[in-house]
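Record features, source Swiss-Prot:
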type     : residues : note
TRANSMEM : 17-37    : transmembrane segment
TRANSMEM : 86-106   : transmembrane segment
TRANSMEM : 119-139  : transmembrane segment
TRANSMEM : 165-185  : transmembrane segment
TRANSMEM : 204-224  : transmembrane segment
TRANSMEM : 262-282  : transmembrane segment
TRANSMEM : 291-311  : transmembrane segment
TRANSMEM : 332-352  : transmembrane segment
Amino acid sequence: MEFFESAFWTGFLWPLIIMVAESVLVLVVLLVAIAYILLADRKIWAAVQIRRGPNVVGPWGLLQSFADLLKFVLKEPIIPAGANKGVFLLAPLVSCVLALAAWAVIPTNLGWVISDINVGILFIFAISSLSIYGIIMAGWSSNSKYPFLAALRSAAQMVSYEVSIGFVIITVLLCAGTLNLSAVVEAQHVRGLASLIGLPQLTILNWYVWPLFPMFVVFYVSALAETNRPPFDLVEAESELVAGFMVEYGSTPYLLFMLGEYVAIVTMCAMATILFLGGWLPPVDLPPFNWVPGIIWFLLKVFFMFFLFAMAKAIVPRYRYDQLMRLGWKVFLPLSLAMVIVVAGVLHFAGIAPK
């Protein structure tokens, strides 16, 4: 009993056990969610093309992702003769682990977060910046021209659009007055358009998507480019680079790359939900809307954002590389910089800047 009352147990070991348990729970839930999000992506693409999509494994094809998992795990990983074996195998692990690490600070409900740090937005921004290393390592270590060219493209593409995402974060910071993700959501609950017009229960009007709609569009398109999703999948352009930086990969390493890609996509959807769509807040703070648990609202908004990602893949043709760069540097960069200046000016001169 003395051990369980000691400072070592109460101050270090027990909080550590709780944090590990929370991390494992988030990891399991996230991996299961990714399995069905991948299935939804394939189903949406199939529906646009007027076909059924996966519908054989399990009822309505619900077990298709798990069958694919089994297929990849049971395959033999083949390493090219000229590849750097250590870096070649480390690259998919780096890509996957960095994508999963971002979920340590993402709140899915009030108090539902592993680590509620005050610089959560900067943490995720830093993690997304580091994810390029996995792709560069894969492209260089494969000792092949297609992966190397894809890695160079990816580096330029991600750097170009991270600048715009950074300005988006600054505008949200100006409006919310904090970099804490939970506090950003709460700021959309207590102040905004609904409060100004005297209808505080109509919380949907407080969401930053309305006053910052141009920045929402910039964030959405930049997130597509950041995660190498169509129409900005120049890194994996099948008609040019076969499979891009993943040309030489198969089996479990390829699975880890795909897992990291979809986790990054869901992370961007969650960030859009928190920054612009009010996180776990209901659209109307009245019954029966506020009877629904916050986690349900959060998931619905994340799925809505993913639907937008999937529809972009299904209906928008791929950009040329020069068009991609021009959009990032000549359109989004000036627009986002101008919006930062406008938002700061309006908040200052209207006297509504957060204290």
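Keep in mind that glycine also has a Cβ here, set from the backbone N, Cα and C atoms.
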Sequence-remote contacts (6 or more beyond its ends) of the transmembrane segment (291-311), Cβ cut-off under 8 Å?
37, 40-41, 44-45, 48, 108-110, 112, 220, 223-224, 229, 265-266, 268-270, 272-273, 277-282
Cβ under 8 Å to the transmembrane segment (86-106), counting only same-chain residues 6 or more beyond its ends: which ones?
23, 26-27, 30, 77, 79-80, 113-117, 120, 123-124, 127-128, 130-131, 133-135, 137-138, 140-142, 181, 248-249, 253-254, 256-257, 259-261, 263-264, 267, 270-271, 274
How about long-range neighbours of the transmembrane segment (262-282): same chain, 6 or more residues beyond its ends, C-beta under 8 Å?
30, 33-34, 37-38, 96, 99-100, 102-103, 106-110, 121, 124, 128, 131, 168-169, 172, 181, 184-185, 188-189, 203-204, 206-209, 212, 215-216, 219-220, 223, 226-227, 229, 289-290, 292, 294-295, 297-298, 301-306, 309
